[in-house]
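Residues or ranges marked as active site, proton donor by TrEMBL: Glu135. Sequence annotations record features per position, and here TrEMBL assigns [4Fe-4S] cluster binding site to Cys12, Cys105, Cys200. Under the heading (2E)-4-hydroxy-3-methylbut-2-enyl diphosphate binding site, TrEMBL lists His44, His83, His133, Thr172, Ser228, Ser229, Asn230, Ser272. Here TrEMBL flags His44, His83, His133, Ser228, Ser229, Asn230, Ser272 as dimethylallyl diphosphate binding site. Under the heading isopentenyl diphosphate binding site, TrEMBL lists His44, His83, His133, Ser228, Ser229, Asn230, Ser272.
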Amino acid sequence: MEIIRAKHMGFCFGVAGAIKMCYKVSSDEKNRGKRIYILGMLVHNEHVVSELSKQGFKIVEEKDILAGKDELHKGDVVIIRAHGTSEKIFQLLKEKEVEIYDATCVFVTQIRKTLVDMESQGYDIIFIGDKEHPEVKGIISFGKRVSVCNDLEELKNLEIDPQREYCLLTQTTLNKKKLEKIKSYLENTHQNVKILDKVCGATQVRQEAVEELAKQVDILIVIGGKTSSNTKKLYDISMSFNPNTYLIQDETDLKDEWFEGKSKIGITAGASTPEEIVIKIENQIRGIH
Ligand code: F3S
């Protein structure tokens, strides 16, 4: 039996930076004795979140801040998660006079800035992404003329006014193939849509690597959080090339029967999956055989 890792997998730059920021903030002398909160899930991985909570970080939910039901007080510290938040939350946190540390990934911030900039130049925005994802909700909250479409089908139903100029932006973790289809549709139907590809580099190389790996292995294990968008995309891509693809959170999800008669095992992990989880899973797989 051979275990082959995808060429690119696991922690990305944005997730690593957000975790580093948490520990830097908590070890900073000036924050000694202060209550330190993280806004929602810092990254979409339950293991990372539970480790942070063991270290004493508290969680404050967006919905509670919006409803005025949070327990934040002046002087508390709030760390903004890697996929950012909405303009309203930033405003409410400032009003509460808490100290804000922004761990929003720079790629998310760039999209937010581009959206505001393109709107100010007169463009209406078409945003391709999952409307329910916090990253998307956060980014689009900074705009005024934004339509969100999850996929090509939804885009086809969108009324695009030939007299107006549009700018298409994307969620950082969008499936590249999905974007290519959207691009080719728009290039043939609507010349008044300027397409700005904002899929982040970390997402792109991980998606290409899982496709390459899925084609050469008997079974592919995708490791990541249930709510992680980029992990789900890796699963979808692998599944489209290899039906023996399984998405798991940790070693307890593995099933012996998946490996019966299989010799080449592929492994990839979402951008918020810690290396120690990957190692535990590899060890468990070796133990199964
Ligand atoms: Fe940032 Fe891309 Fe990671 S947007 S958080 S580098 S998946």
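Cβ coordinates are placed from backbone N, Cα and C, and glycine is handled just like the others.
A map of TrEMBL features onto the structure.
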residue : record                                                     : Cβ contacts under 8 Å, 6 or more apart
Cys12   : [4Fe-4S] cluster binding site                              : Cys200, Ala202, Thr203, Arg206, Ala271, Ser272
His44   : (2E)-4-hydroxy-3-methylbut-2-enyl diphosphate binding site : His83, Gly224, Gly225, Thr227, Ser228, Ser229, Thr231, Gly270, Ser272
His133  : (2E)-4-hydroxy-3-methylbut-2-enyl diphosphate binding site : His83, Gln171, Ser229
Glu135  : active site, proton donor                                  : His83, Gly84, Val108, Gly129, Gln171, Thr172, Thr173, Ser229
Asn230  : (2E)-4-hydroxy-3-methylbut-2-enyl diphosphate binding site : Thr173, Thr203, Arg206, Gly224, Gly270, Ala271, Ser272
Task: Annotated isopentenyl diphosphate contacts His44, His83, His133, Ser228, Ser229, Asn230, Ser272, maximal Cα-Cα distance (Å, integer) - done: 15
- [ ] Give the sequence-ordered set of same-chain residues, not counting Cys12, Cys105, Cys200, with Cβ within 8 Å of the centre of the Cβ atoms defining the [4Fe-4S] cluster site.
- [x] Phe13, Gly14, Val15, Ala82, Val106, Phe107, Val108, Thr172, Gly201, Ala202, Thr203, Ala271
Task: CB within-chain contacts under 8 A for Cys105 ([4Fe-4S] cluster binding site), separation at least 6 - done: Phe13, Gly14, Val15, Gly17, Ala18, Ala82, His83, Gly84, Thr172, Cys200
TODO: Note the Cβ centroid of His44, His83, His133, Ser228, Ser229, Asn230, Ser272, the recorded dimethylallyl diphosphate site, then list each other residue of that chain whose Cβ lies within 8 Å of it, in sequence.
DONE: Val43, Glu135, Thr173, Gly225, Thr227, Thr231, Gly270, Ala271
- [ ] Enumerate in sequence order the recorded positions Cys12, Cys105, Glu135, Cys200, Asn230 whose Cβ-atom distance to ligand 1 is under 6 angstroms.
- [x] Cys12, Cys105, Cys200, Asn230
